[in-house]
Amino acid sequence: MAWYDLFLQMIVDGLVLGAFYALVALGYTMVFGVIKLLNFAHGDLYMTGAFVGFGALSLVSGVFGAGWPGIFIAMLLSMLAVGCLGVVIERVAYHPMLTAPRLSILITALAVSLVLQNAALTLTGGQYTAFRTDLGFGGFSLGNLFLSWNQIVLVTTAAVLMIALELFVSKTLYGRAMRAVAIDKDMCRMLGINVSAVIAITFFIGSGLAAAAGTMAGAYYGSIWYFMGFLIGLKAFTAAVIGGIGSITGAMLGGLILGLLESFGTHIPFIGSEWKDVFTFTILILVLVLKPTGLLGKSEVERM
Amino acid sequence: MLLQLKGVSLSFAGNTVLDAVDFGVERGRIQSLIGPNGAGKTSLFNVITGFYRPQLGEISLDGQPLIKRKPHTVTRLGIARTFQNVRLFHEMSVLENVMAGQHCRSRAGALAAVLRLPSQRAEERRIFETSLECLDFVGLTAYRDRLATNLAYGHQRRVEIARALATEPRLLLLDEPAAGLNSGEKQALIELIQRIRDARGVSVLLIEHDMSLVMNVSEHISVLDHGSLITEGTPQAVQNDPAVIEAYLGQDDEELAL
């Protein structure tokens, strides 16, 4: 393999990884935008999405098969279910805490994370679950570069979801309301905007995107377990911070950058893939030290 | 009466802010609420719009009770307001700011919005057109795609009024709309307030410290001091009322005119 083949392969790997990070980072950043909460349970919604997607696939595979068509339908069902779960979590756990000090709601988020993880642990016995699909290993070669169909479908799906989100936020009634709520909640209330409904929609969409990522990750990597949300939650947080937390475009960008950096990072001489996470979180620390507002974030005066 | 307050009392931790205020705004009227700093004028606005809950009293709009209603319901019932400090959504465009005011008049639910049902498209179209009309009404169509934060201060104030009009109110509350405006802008504001009433049939209640503007634009003036309504009437009557002069200048033996 020539050096540039390796380079291209790293880009492809980085894009796939980045697509997952971006989808999960979006939920982080949207929730932070509207209620200024770092929702540490978000990674666990990704995990829940994977399990719900797995269950949904076993239900629909009889009719639609366990290839991409079946996986898509399972993914949509999982998005719907986990989206609703996100709304319930917001109502039950976060809504009563919105007027409490910021630290209280952060601790609540950690508690929700533990509840979801332990519920999954109890239900699955802590075992890895094989996510069986009929996905093949087919693809095509461009020179020495190999692209699998799975990678292409995955990255395309993520891109479509992100474009849809961008359109929703920039062009629609509730998208505008979401941005307005992120800027000034009291003003929104005064304009007759139902802020609680906007917050609920934000949780629905954010959780739904995490579920989409979870289902696709399960199908792509072939196994799921109760703890799979922990690391990606932290990495998506890193991606959101890189892009500028609160910025939707920033989260997409941050996810892609983190995916690419990780992909390249594993090929740096003497830094093998086992150092991958050290590499990622070093980046998080560097961004927080050098440019805490991220690439697209705005500096904001902290109002506690 | 369009707006009617009866015996409204509000206190915070034992401090009386409003003391049994009886107050009303007649339909189709431009009315001012004046009084020294700390008299409770903005608190009265906050009570009317549902931001503060008074301990006692009744408030109604066109006979419909407003007490214990949430701010977004009050807006839907037909009361809009602007603020002492301009509170636009700075990082959104001028038109988007005005469109935010139309939100409360949308019928499509959140689910229809997320799923992009066809009814939603027609709704978006209507919101766009109404908002554009409101922006045109205040004369700022040319600035529609600018970020609100990049507009001159006087223009930002007009955008805020356009946004309030976009909620399709019956009563518009303006909190110190002339603050920070130059004399030319103040003249334009007087004309705008009159057009809001004449062309749109919206009643206007304003809090203002600029007495020449108040005397110019108001048909009726209410004076608040220490949380109580001390007098009301035509500009001429209020101007010559000794109680008003006393409230503004403190008890004094000297003869003083406003």
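Quick reminder: no glycine exception, Cβ is built from N, Cα and C everywhere.
Just so it is clear, the model here is predicted, and its values are computed rather than measured.
Here is what TrEMBL says about this protein:
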- A:6-33: transmembrane segment (TRANSMEM)
- A:45-65: transmembrane segment (TRANSMEM)
- A:71-93: transmembrane segment (TRANSMEM)
- A:105-128: transmembrane segment (TRANSMEM)
- A:148-169: transmembrane segment (TRANSMEM)
- A:190-212: transmembrane segment (TRANSMEM)
- A:252-272: transmembrane segment (TRANSMEM)
- A:278-297: transmembrane segment (TRANSMEM)
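Counting Cβ pairs under 8 Å that are 6 or more residues apart, the transmembrane segment (A:105-128) and the transmembrane segment (A:6-33) reach fewer than 3 and are not in contact.
Within the same chain, residues 27, 41, 45, 48-50, 52-54, 56-57, 59-61, 64, 108-109, 111-112, 133, 135, 157, 199-200, 203-212, 214-216, 219 sit at least 6 positions outside the transmembrane segment (A:71-93) and bring their C-beta atoms closer than 8 Å to a C-beta of that stretch. Pairs of Cβ atoms less than 8 Å apart link the transmembrane segment (A:6-33) most often to A:252-272, out of A:148-169, A:190-212, A:252-272.
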